[in-house]
Structure formats: structure tokens, C-alpha cells
């Protein structure tokens, strides 16, 4: 049975719960609910849950270090479990993808995303799988305020469909691997 560490990026605390920057946390919470894997154990500078789902062993991790230091948490988990970086799946928000769309990528730069920057620094490589959840760019105004603000009411209405779609993608990714999942889901509108 393969083991995958799935890290959702976000900021801890109720203040950030519904912000665009917490898309990774939201997906992980939905996956946790559907898979019956409680994310409650305080470890690896985060909260973690482990269990079997759809024939795969999953370790679900939500760093509690705030976005800019997320890499420390993921690196602790990878080292403890002695897993290669190829078994790491990171779910994060992406400004360059319209809301409701998702893209997959193996490796690459951080594109200004501080959580990805921290991961690459702490792991010594950016060669992990990324599930990029589109949040779109602000039409006007500051990007920082945009990502740290809650989704709009219209977006909130579509969020359950988006989260369920990303969970389906993650399930396929853990079971079938990146190439097959990319061919089905890359740049797909999930809402």
C-alpha cells in the first residue's frame, strides 16, 4: 500500500478559515470528512491525521506555522516517515488560475506563493506534486488583501462543488498517479 503525505496550505485560526489563501486547508478538511480521517493530532508543527482511504495510506497535514513557514511542518513529516519528496502532494491556492478551475503540476518555482517558497527551501527541492486551486486575481486592489479576504458570497455558494471536485482529483492522484490525473483534470472547471 502506497503512502502519500497530503499537505493543505493555509493559515491557522478562525480569522482565516474562509479566506482564499486557505483553499488548501478547506480541501483537506473536506477530504478528512469524506475519508473519515480525523485531522486532530498535534505533531510536525501542525495538525495531522492518518488513515486508509480507497486502498491508499494517507497522511493529512495542516501546518499551523502560518503560510510563510509551512515548509518546516511538511519537512518534519517527510523526514519522520522517511518518504521521498515524490510522495508529497501539496494543495494550495493559485491567483493565476480562475476561480473554480484546478491545475496539477510536478515541480516548478513558487510563483510568489510564500507557502511554496517555504516548502522548497525546507525540503531542498520544489519537485513535489502541486494541486493548484484557482482563486482568480483581484480586478482592482492589493493581492495580499485579496488572498486574506473571505471568498465572495457567490464564490461561497460554489465552494462545496469545487472542494468535492478537488477531493475527487486527489483521490485519483493518490491511486492512479500524476499523468492520468492530469489528462482528466488539468485546467478543468469544477463548478
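Cβ from N, Cα, C; glycine included.
On a predicted model such as this, the values are computed, not experimentally measured, just so you know.
Copied over from Swiss-Prot, here are the features:
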type	residues	note
ACT_SITE	21	active site, proton acceptor
BINDING	16, 66, 68, 114	tRNA binding site
SITE	11	site 'Discriminates between blocked and unblocked aminoacyl-tRNA'
SITE	93	site 'Stabilizes the basic form of H active site to accept a proton'
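Counting only same-chain residues six or more apart in sequence, the Cβ atoms lying under 8 angstroms from the Cβ of residue 93 (site 'Stabilizes the basic form of H active site to accept a proton') belong to 9, 20, 21, 22, 23, 24, 113, 132, 133, 135, 147.
A simple Cβ count within 10 Å picks out one of the recorded positions 11, 68, 114 as the most packed, and that one is 11. Excluding 16, 66, 68, 114 themselves, the residues of that chain whose CB lies within 8 A of the CB mean position for the tRNA site are, in sequence, 11, 21, 65, 67, 69, 70, 115. According to its DSSP assignment, residue 16 (tRNA binding site) is helical. The DSSP secondary structure for residue 93 (site 'Stabilizes the basic form of H active site to accept a proton') is strand. Same-chain residues at least 6 positions away in sequence with a Cβ under 8 Å from that of residue 16 (tRNA binding site) are, in sequence order, 10, 22, 148. Fewest Cβ neighbours within 10 Å among the recorded positions 21, 66: that distinction goes to 66.
The DSSP secondary structure for residue 68 (tRNA binding site) is helix. The tRNA site in the record is lined by 16, 66, 68, 114, and its two most distant CA atoms lie 16 Å apart. Cα to Cα, residue 66 (tRNA binding site) and residue 11 (site 'Discriminates between blocked and unblocked aminoacyl-tRNA') are separated by 5 Å. Straight-line distance linking the Cα atoms of residue 68 (tRNA binding site) and residue 11 (site 'Discriminates between blocked and unblocked aminoacyl-tRNA'), rounded to a whole number, equals 9 Å.
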